[in-house]
């Protein structure tokens, strides 16, 4: 994951110091892109240990269409707890928009089901898109989507994905987001009978929080290790039927975890 370390170093050394919504303060750049060949290994950061369980369960939770943290908590995942209300609700966040986007005439659009059907029927389409950025629903969301929009692309029998992330917490959030959408690309490829291609990560406001600088220096001093390979142990009937136990990262090794506070 040299690309990720280069990205972090670039923002740390050349970013602009800015205020932010949380009051923490950031150093940021506007606009950055990284490309990962998924055939060369699964793009998971190795210069610190990631909680892979949280990444996998969160993606499965999105695909369920859920917006309540209780299911995550039942599986030992607490990454959304800071934003949930007393009943565990987050408002119409990712899962709701992916699976049940409301229309003016009272219907709901399942973007994920439609996406799978489109990839199978018309792989050359330039409309293989899912958006979580629903302007009408944003006031009711506890946290508006950071990873807001993604598009798939098929060429030479390979499925690639590009994510646009409008707000990118480089130290804590981006490693999760890269791994999550790389995993989704593998799942989509399996479901549509394609091989994996590239995952392209594109960021808007790309920032390091001021209270992460010490951790950033620690991570930049570490040498990245070889990337693992993702193994999907079975092919479920649909994109919605995967389980946590279906995934294995063969050869995953990492440096020790680096703790850092979350800006809420």
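Note that the numbers count up from 1, one per residue, in the order the chain is shown.
Every residue gets a Cβ built from N, Cα and C, even glycine.
Bear in mind that the values here come from a model prediction, so they are computed numbers and not experimental data.
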(message) For the dUMP site that Swiss-Prot describes with 21, 126, 127, 166, 167, 168, 169, 207, 208, 209, which of these is also annotated: 134, 177?
(response) 177
(request) Let me know the DSSP-derived helix, strand or coil state of residue 207 (dUMP binding site), please. (result) strand
(request) Among all chains shown, work out which of the binding-site residues 21, 51, 127 has the most CB atoms within 10 A of its CB. (result) 51
(message) Spatial neighbours of residue 263 ((6R)-5,10-methylene-5,6,7,8-tetrahydrofolate binding site) among the binding-site residues 169, 207, 209, defined as Cα within 10 A: which are they?
(response) 169, 209
